[in-house]
Each structure stands twice: as C-alpha cells, then as structure tokens.
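Scroll down for the structure; my scribbles are underneath it.
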C-alpha cells in the first residue's frame with residue numbers, strides 16, 4: 001500500500017538503502033569538478049582524484065596514465081559497490097538490482113557481434129565490454145552467424161532470453177540489423193523492467209515509472225533523430241518505440257513520420273517537460289541535445305533520493321555514478337588532447 | 001443486570017471481569033513492546049548501514065533507540081500498576097455492575113496504553129531512521145530532527161496518562 005512502506009521496508013532493505021545513500025554522498029561535487037577541469041595533465045587528475053573516493057583505485061597506476069585506465073578503474077569501483085550490494089540483497093531487491101545491469105548486457109552482446117562482423121579479435125572485444133554486463137557464455141557470441149543461432153547457442157541461458165522473441169529472424173547480421181536488434185532488445189527490456197516495478201507497487205512503482213518513462217522517451221527521440229535519412233521505414237521505426245511513457249501513443253505517431261530535426265522539435269514541444277529541453281537548443285542544432293537530456297536525467301535522478309523506503313535510490317545511484325564516469329572520461333580526454341576550452345561542453349554537475 | 005434481546009450482549013456480560021482485566025494487562029505490556037521493537041529495528045537497520053560511511057553518527061543516534069525503548073518501559077510500568085488494581089471479589093458479587101465496571105476499566109486502560117505505545121514506537125522508529133540517514137550527510141540536521149522525535153514520543157506519554165486515570169477509578173466491590 002502506498003504510504004505505509006516505512007513500516008516494513010527496513011526489514012530487508014533498510015541496511016542496503018543506508019549503504020547506497022552513503023555511496024551517494026561520495027559522488028564528486030561541483031568543487032571537485034572545478035578542480036579537475038583546471039588540471040593540465042592526466043597526472044594532475046590522478047592527484048585530485050586520490051583525494052576523493054577514487055583514491056585507493058588509482059594510486060597504484062604507473063605514469064604515464066591513459067584516459068582508458070582512469071575510466072576503467074572508476075568503473076571497477078562502481079562494479080565493486082554494485083557487487084557488494086547485490087550479495088547482501090534479498091528478493092525482490094536482488095532481482096531489481098539485476099535488472100539494472102541488463103542494459104549493459106545488451107550493449108555487450110551488440111559490441112561483440114558487431115566486432116566479430118568487422119573481424120576483430122574476440123579477446124580484444126571482451127576487454128572492451130562493460131563489466132556490469134558480463135555473463136558466462138559471452139565469448140561464444142563470436143561464433144553465431146545469424147540471430148537464430150545467436151539465440152539458440154548463447155542467449156537462451158541468459159536473462160535476455162525473453163527479450164528475443166520479437167527479433168528472431170533468419171536474416172544475417174549486418175550493421176543495420178544489429179542496430180535494430182539492439183533497439184528491439186532494449187525496448188523489450190524497458191517494458192519488462194517497467195512491468196516489474198509496477199508489480200512491486202508503492203513508492204518504487206511511482207518513482208521508477210517516472211525514471212523509466214523518461215528513459216523510454218529519450219530513446220524514442222534518439223531513435224527518431226538517428227534514423228532520419230536512413231532506410232528504416234516508418235513502421236519499423238514505430239516498432240522500436242516502447243509502449244509506455246509520456247509520448248505513448250500520440251507522440252510516437254508524430255515522431256514516426258518526422259523527416260528532420262525541426263519536425264522532431266515541433267512534435268516534442270507539445271509536451272511541457274520536454275519543451276524546456278528543446279527550448280535550450282537553437283534551431284537546427286542537435287549536438288547539445290545529448291547534454292540537455294543528461295541534465296534533465298540527472299535532475300530527476302537526484303529527486304529520487306528525496307523519498308525514503310523505496311528501491312528507486314539504487315537505480316538512481318547506478319545511473320548517477322555512470323554519469324560521473326562519463327564526466328571523468330570527457331574531462332580526461334579534453335585534458336589529454338589539450339582542448340580544455342571544450343571541457344564544460346559536456347560535464348553535467350550532480351551536486 | 002438488564003437482560004437485553006441480543007444474545008451477543010448476554011454472552012459478553014457473562015464473561016468474567018477478571019478475564020477482561022487480565023487481557024487488558026497483557027495488551028498493555030505486549031503491544032507496547034511490539035511497538036518498541038518495531039521502532040528499534042526500523043531505526044537500527046538504517047543506523048548500522050549509514051554508520052559505515054559516517055561512523056561519527058552512532059553515539060548520537062542511539063537517542064532514537066532510547067526513545068523507542070522508553071515506550072516499552074511505559075508499557076511495563078502501566079502493566080505493574082494495573083496488576084495491583086486486580087483484586088478478588090466474592091463470587092456472589094462477581095457479576096455486579098461495579099465489578100464489571102472495574103474489569104472493563106482495567107481492560108480499557110490496557111488497550112489505551114498498548115496501542116498508544118504501538119504507534120508511538122513506530123513513529124519514533126521511522127523518524128529515527130530518517131534522522132540517522134540525514135545526520136550521515138549533514139550533521140547540522142540532527143538536532144532539528146530530534147525535536148520532531150521528541151514530539152512523537154509525547155504520544156506515548158498521553159496514552160500512559162489517560163490509562164492511569166482510567167485505572168485509578170477501577171474499584172472492585174468490597175467483600176461483605
């Protein structure tokens with residue numbers, strides 16, 4: 001019953017919620033980002049980061065550092081925290097935590113399949129996979145020739161199996177089909193996650209519905225913009241949109257027929273929450289759209305921490321940490337390539 | 001004793017007043033301790049988790065646990081007071097109106113104290129959990145949230161006061 005979670009939530013989830021809030025307080029602040037943006041070299045970045053929570057992860061790295069090393073160690077910290085929480089969680093929190101990583105699993109699957117298509121070495125690809133999305137038989141993905149084999153050989157044993165029913169075809173895997181496969185899988189995953197949260201009920205359902213709806217709408221806009229000018233038909237495009245969210249169903253109908261960015265903007269400006277995002281961009285510009293979406297997402301994720309006794313804080317923490325890693329990667333790249341003037345283009349402050 | 005047409009009311013007045021009094025005493029201690037325990041686990045689980053990142057909060061936030069414990073102590077005190085009010089009456093006077101009144105007064109006193117302490121313990125426990133989490137992030141919030149807890153723990157006191165007043169006028173008929 002919504003409103004009475006406080007009576008029973010702490011039996012199973014109280015300890016972990018307190019732990020995730022402790023992790024949340026360790027996220028980098030605006031002052032930290034200002035310090036990092038003023039660094040001249042990657043070693044300066046390492047020195048600044050050693051004063052934060054990342055200290056123990058970076059201190060043993062030899063110079064010269066690479067940006068990929070920094071990102072890798074920061075991701076390792078996230079994975080350690082996630083595993084710590086997952087081992088202590090009981091049902092249904094453990095299922096909820098696992099759901100958070102299915103998105104990464106999908107990305108890893110697509111990465112390996114695309115890499116194999118372009119004849120890359122499997123070991124090299126495995127190193128590039130996101131550690132949160134690893135599963136046991138991931139290396140055998142390189143063997144599959146088409147989607148049916150992919151499913152039958154590898155994916156039927158993974159948690160992604162139920163998402164494949166919509167996209168099993170006998171077509172060979174090529175770039176276009178792989179992107180369609182990625183988006184179809186992600187659509188099925190989002191809908192499944194949404195249903196699971198609705199089943200949990202209470203504050204979790206309400207907060208997660210809002211966060212997942214924003215995610216679904218953002219993906220719909222990105223799919224529309226990226227498929228302008230490609231050979232993806234309107235019907236195919238509409239099939240990739242999730243069936244929940246603010247834009248469902250009328251916004252999706254308008255987005256499906258858009259042919260350029262200004263039409264997308266016109267379709268989105270009818271929805272007040274997204275109107276504020278699109279008014280920040282001047283006409284014809286779409287590079288800042290990603291940053292505007294990230295800012296809106298971070299704002300909503302921070303609001304999830306305002307309420308106690310629900311699972312949304314776990315999802316919000318993982319996403320905020322991923323945003324922080326993206327920020328660190330951008331700052332490191334700008335510093336490494338000596339383009340510090342562009343550093344503030346893509347850093348989203350969390351605190 | 002007025003016999004009414006309903007068979008339920010006839011059945012209820014046939015129950016011995018000792019039964020009502022004993023159940024009242026049991027409720028006063030049992031349900032109060034339920035409230036206190038519930039509140040303590042709600043506070044305790046959050047406090048332990050939050051203290052991992054911020055160990056300084058542990059000693060101050062034990063106050064929340066102490067407030068919950070106080071609720072159980074109220075229940076014990078009232079139960080002891082109530083049991084001293086339980087006297088024997090000669091069996092000829094067992095179902096006199098006076099004796100029924102005494103039995104019901106002790107029963108009501110037990111319910112009042114028990115349930116007031118149950119919700120008070122819950123209230124203090126939930127606030128204590130939020131207090132621990134906010135103190136871990138910003139230590140200036142602790143004293144302000146403590147004020148809310150103090151108001152919450154006053155609820156148990158209200159129950160104890162009314163319960164004691166109720167039971168004070170529980171006089172059994174004297175044996176003669």
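Backbone N, Cα and C define each Cβ position, glycine as well.
On the 0 to 100 pLDDT scale, the domain 'V-ATPase proteolipid subunit C-like' (B:23-82) averages 95 in this prediction. Annotated domain 'V-ATPase proteolipid subunit C-like' per TrEMBL: B:23-82 (among others), in sequence order.
Helix, strand and coil residue tallies for the domain 'V-ATPase proteolipid subunit C-like' (B:107-166), in that order: 57 helix, 0 strand, 3 coil [DSSP]. Marked as domain 'V-ATPase proteolipid subunit C-like' by TrEMBL: B:107-166 (among others).
Residues annotated as transmembrane segment in TrEMBL: B:20-41 (among others).
Look at TrEMBL and you will find B:62-82 (among others) tagged as transmembrane segment.
Residues annotated as transmembrane segment in TrEMBL: B:102-129 (among others).
What TrEMBL lists as transmembrane segment is B:141-166 (among others). Remote same-chain residues near the transmembrane segment (B:141-166) are listed as 28, 57, 60-61, 63-64, 67, 70-71, 74, 77-78, 81, 105, 108-110, 112-113, 115-117, 119-121, 123-124, 127-128, 130-131, 134-135 (criterion: CB distance under 8 Å, separation of at least six residues from the stretch ends).
The list of residues near the transmembrane segment (B:62-82) in space but at least 6 beyond its ends in sequence, with Cβ under 8 angstroms from a Cβ of it, reads 21, 24-25, 28-33, 35-37, 39-40, 43-44, 47, 106, 109-110, 113-114, 117, 120-121, 124-125, 127-129, 131-132, 146, 149-150, 152-153, 156-157, 159-160, 163-164, 167. For the domain 'V-ATPase proteolipid subunit C-like' (B:23-82), the DSSP-based tally of helix, strand and coil residues reads 57 helix, 0 strand, 3 coil.
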